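**Student:** Structure in structure tokens, see below.
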Amino acid sequence: MEPPGDWGPPPWRSTPKTDVLRLVLYLTFLGAPCYAPALPSCKEDEYPVGSECCPKCSPGYRVKEACGELTGTVCEPCPPGTYIAHLNGLSKCLQCQMCDPAMGLRASRNCSRTENAVCGCSPGHFCIVQDGDHCAACRAYATSSPGQRVQKGGTESQDTLCQNCPPGTFSPNGTLEECQHQTKCSWLVTKAGAGTSSSHWVWWFLSGSLVIVIVCSTVGLIICVKRRKPRGDVVKVIVSVQRKRQEAEGEATVIEALQAPPDVTTVAVEETIPSFTGRSPNH
């Protein structure tokens, strides 16, 4: 009895399938080393262009046209707002750094064709993000609160350092470098409220009537002085006018007396000779 034809061994194929050949070829090419065309070895002041070396442009210039067999590199200056700091073979210049005032920045060194701008902090700000010699972001100085003193002022790299006032001292606005001592109460006054590190002692008189009496007395004195002052001034003026008038009249009298001619009256003098004739000395 012969076995059925389906039970026999599979027939042998001497030719491999097409898929197997493709796989072998793929693995062969995948493992093969890849060779790229070698770039020319150029000097430090040259840059490669294809298989040739061209001279680099100076700082502040870019390549406008690469060199040829008979021509050198054509360079042109960088436009405003751009720069190149080194010898280069670049076709475009680099954009200058912008210092944004909204970030508290200002240009500590302006941009030129050969140097990039360097940003620093605006006055009243300190740097919070440092990038080499360039500051990328700044922040405003902290403000000391009332009751604090400025222990150390802010710098371009450090914020303001604040410190609380010790007991018995105060700082009204936080801008003082040293806190002030609070006033001590005397026996005439009493403390209306406890002094804090941010406010001074508040003092009031013991009796409100004393304040009223002083104020009323002062106001009354001022009113009396103002009322009497004009009357006294009038009296002074009258007395002064009368005195001047009297002085003027006296001076006029003296002048008239000096200018008047002298009043001379001639009196005849009769000479009498005593007669002793006929009289004896006994009479």
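In case you wondered, yes, glycine gets a Cβ from its N, Cα and C as well.
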**Student:** Where does Swiss-Prot put phosphoserine, among Ser51, Ser91, Ser240?
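**Tutor:** Cross-referencing Ser51, Ser91, Ser240 with Swiss-Prot, phosphoserine lands on Ser240.
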**Student:** Pick from Cys42, Cys67, Cys75: which cysteine does Swiss-Prot list as forming a disulfide with Cys57?
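**Tutor:** Among Cys42, Cys67, Cys75, the cysteine that Swiss-Prot links to Cys57 by a disulfide bond is Cys75.
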**Student:** Tell me which of Cys78, Cys111, Cys119 Swiss-Prot records as disulfide-bonded to Cys99.
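**Tutor:** Between Cys99 and one of Cys78, Cys111, Cys119, Swiss-Prot records a disulfide, namely with Cys119.
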**Student:** With Cys54 as one half of a disulfide in Swiss-Prot, pick the other half from Cys34, Cys67.
**Tutor:** Cys67
**Student:** Of the cysteines Cys34, Cys53, which is paired with Cys42 in the disulfide recorded by Swiss-Prot?
**Tutor:** Cys53
**Student:** Between Cys54 (disulfide bond) and Cys42 (disulfide bond), find the distance joining the two CA atoms and give it rounded to the nearest Å.
**Tutor:** 8
**Student:** At the level of the C-alpha atoms, what whole-angstrom distance separates Cys135 (disulfide bond) and Cys119 (disulfide bond)?
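**Tutor:** Distance between the two Cα atoms comes out at 6 Å.
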**Student:** When DSSP is mapped onto helix/strand/coil, what comes out for Cys78 (disulfide bond)?
**Tutor:** coil
**Student:** Would you mind sorting out which of Cys67, Cys75, Cys78, Cys93, Cys96, Cys127 (the disulfide-bonded residues) have a C-alpha within 10 A of the one on Cys121 (disulfide bond)?
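**Tutor:** So far as Cα distances go, the disulfide-bonded residues lying within 10 Å of Cys121 (disulfide bond) are Cys127.
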**Student:** Can you break down the repeat 'TNFR-Cys 3' (121-162) into helix, strand and coil residue counts using DSSP?
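**Tutor:** Once the DSSP states are binned, the repeat 'TNFR-Cys 3' (121-162) shows 0 helix, 22 strand, 20 coil.
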